[in-house]
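The structure appears right after this line, and notes come after that.
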Amino acid sequence: MRSLYEGYSQKQENKLKCIVHYFKRICSCMPVGFVSFERKVLPQDRHPLFTSYPEADFWSKSVLPLCAFEVHSLGFIEDQSANALEVDFANKYIGGGALHRGCLQEEIRFMINPELIAGMLFLPSMADNEAIEIVGAERFCDYKGYASSFRFAGDHADKRHFDSFGRRITRIVAIDALCSPGMKQYALKYLLRETNKAFCGFIDQSKYCQYKGLFQVKGLHEAHLYPDENDHTSRNHLELNEASSTTVETNQGASVSLPALGNSDGEGKDLPGIATGNWGCGAFGGDPELKAIIQWLAASQASRPFILYYTFGIDALQNLDQITQWILSHEWTVGDLWNMMVEYSSQRLNGRTDLGFFAWLLPSLTSHELSNTN
């Protein structure tokens, strides 16, 4: 906290105003309910009950459909009203410079929802296969501006309802992107790292466990979500059918129809969508087009029903809505989009193109031509 006082600036003064306002509020009326902090992990080794850290082959062969994608050029993640999981563009040390001189997306979120600061005391840095999900943090402040123009703008009355555990229905997931990746962000190793990082944050492992439980109840052999391509004695596979369910065939020839997750009318409707934006861009230096696609892949694979994407009006993403709708109209799968992204990134890394991904994908891409592209 002391660093908030060192070297006066208006943004520091206004960060302090947010914290002081929080204490004024709780002294006059103590909040009710709970806040939960969860470290989410994709195990590096195969695990019978959890989705493990995927390799590139997993993404390449995925047949899951891409989820709905809604672009917002105005507005903020924290103001969304769809009960979506809200992405914190995190430092690997959660909270980043919230109690220092930082004043970007994560630090601002920690100022307007000060209960998040508690997590900085007991949550160590995130590894590449980890994310942190926080549920229930109340918002106490309004604000305007960003970075050096950040200003406290008064009290905020949080109207979000509570869940059965007594937590406000505010779900925040912290995922840390590569910092200043430069050209290496186009290398397969780092594409995989970023996609798996977002996937770790977006996946709900309990849904995977429900599948496993159904297999066990019916006494069937395990139908792997990660089949061994070299094991020809085990022909387990998942196939999406037109009835919005998943047909599982086991190595004994039996089959089970299960409700599909997320992208259908089945059980996944209980999963909230994702509210995000230019994760890993700006000060972190990532490619905005690539990061948008990476998050779309991760949300779709995690069976999230939709993405609300807030571009904050940056020029690099002025065609994002048109490009995503074009892709959806052609019914690409997660694997289709992953493979296209990998091919583009290889060409970019090897100097065979200097186009952005969108213009490379559709050479006729311009703001007025894209809507007519087939």
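FYI, residue positions are counted from 1 along the chain as it appears here.
Glycine residues also receive a Cβ, built from the backbone N, Cα and C atoms like all the rest.
Note on the domain 'PARG helical' (2-39): residues 98-101, 103, 107, 111-112, 114-115, 118-119, 122-123, 126, 130-138, 140-141, 143, 147-152, 155, 162, 165-168 of its chain, located 6 or more positions outside it, place their CB under 8 angstroms from a CB of the stretch. Residues or ranges marked as domain 'PARG helical' by TrEMBL: 2-39.
Taken from TrEMBL, the feature domain 'PARG catalytic Macro' applies to 57-318.
Annotated active site per TrEMBL: ASP88 (among others), in sequence order. Of all the Cβ atoms in the protein chains shown, 28 others lie within 10 Å of the Cβ of ASP88 (active site).
Per TrEMBL, substrate binding site is recorded for ASN91, GLN105, TYR146. All chains included, 24 other C-beta atoms sit within 10 angstroms of the C-beta of GLN105 (substrate binding site).
Here TrEMBL flags GLU106 (among others) as active site.
Other C-beta atoms found within 10 angstroms of the C-beta of GLU107 (active site) number 21, with every protein chain shown included. Among the features that TrEMBL reports, active site is placed at GLU107 (among others).
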Neighbours of ASP88 (active site) among the recorded positions GLN105, GLU106, TYR146 (Cα to Cα, within 10 Å):
GLN105, GLU106
Between ASN91 (substrate binding site) and GLU107 (active site), what is the CA-CA distance rounded to a whole number of Å?
10
Write out the long-range same-chain contacts of GLU106 (active site), meaning residues 6 or more apart in sequence whose Cβ is under 8 Å from its Cβ.
ASP88, PHE89, ALA90, ASN91, GLY95, GLY96, ALA98, ALA174
Hey, how far is GLU107 (active site) from TYR146 (substrate binding site), Cα to Cα, in Å?
10
Can you count the other CB atoms that lie within 10 A of the CB of TYR146 (substrate binding site)?
16
